[in-house]
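Trainee: One structure, pasted below without further comment.
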Amino acid sequence: SCMKAAPMKEVSIRGQGSLAYPGLRTQGNLETLSGPNDATRGLTSLADTFEHVIEELLDEQQAIQPSKENKDADLYSTRVMLSSQVPLEPPLLFLLEEYKNYLDAANMSMRVRRHSDPARRGELSVCDSTSEWVTAAEKKTAVDMSGATVTVLEKVPVPKGQLKQYFYETKCSSKGYAKEGCRGIDKRYWNSQCRTTQSFVRALTMDNKKRVGWRFIRIDTSC
């Protein structure tokens with residue numbers, strides 16, 4: 001999040017959240033289309049197609065999402081994955097959830113949101129961020145909801161063996177405006193800072209008394 005800009009004379013800086021815009025990759029070739037008008041119609045057709053696909057995926061997600069009465073619902077997290085190998089792409093449910101949250105926050109339909117996409121208008125985010133999968137071996141420890149430091153277990157036992165825990169973390173980029181301040185803030189009059197913020201996710205951990213269990217821990221989730 002970009003820390004709220006404060007006058008140069010002021011010392012305190014307060015935090016302010018920001019929205020993330022997930023990207024969608026399309027497949028297709030427009031070289032066979034003739035002329036700029038055909039190309040425009042082709043892009044519009046592709047956008048309409050993906051709009052319907054996203055709507056269907058969101059409907060399916062809501063249908064299969066565990067109910068509040070289900071005890072396994074506590075284990076549901078879009079940023080944690082159990083897998084035998086490193087995931088190659090961002091979690092699909094995470095992308096869909098971020099996209100839906102933005103639509104709800106902006107009170108927009110998907111069609112209106114698509115035509116007002118900042119990427120289409122050449123806009124840039126206030127703070128640059130990077131996202132990647134992180135293993136429990138790389139995290140080693142984390143802070144739980146009670147403020148205690150716990151050990152993040154690398155492997156989770158399953159009926160047919162073991163799976164590794166992976167966490168999809170987002171943090172401020174070390175390059176660009178992360179150290180120079182928030183993009184769009186006049187540095188002559190205001191101080192600003194991009195800062196990584198955290199959220200809680202469910203993970204298999206062990207406390208200092210060697211008790212193993214599923215706990216909520218803090219991981220980096222936005223900039």
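Along the chain as shown, residues are numbered 1 onward.
Every residue gets a Cβ built from N, Cα and C, even glycine.
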Trainee: According to Swiss-Prot, which candidate among Cys2, Cys172 shares a disulfide with Cys223?
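Mentor: Between Cys223 and the options Cys2, Cys172, Swiss-Prot records the bond with Cys172.
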Trainee: Measure the Cβ-based neighbour count of Cys127 (disulfide bond), defined as the other Cβ atoms within 10 Å of its Cβ.
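Mentor: Within a 10 Å radius of the Cβ of Cys127 (disulfide bond) lie 24 other Cβ atoms.
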Trainee: Cα-Cα, whole number of Å: Cys127 (disulfide bond) versus Cys223 (disulfide bond)?
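Mentor: Per the Cα atoms, Cys127 (disulfide bond) and Cys223 (disulfide bond) stand 6 Å apart.
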Trainee: Rounded to the nearest angstrom, how far is the Cα of Cys194 (disulfide bond) from the Cα of Cys172 (disulfide bond)?
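Mentor: Distance between the two Cα atoms comes out at 7 Å.
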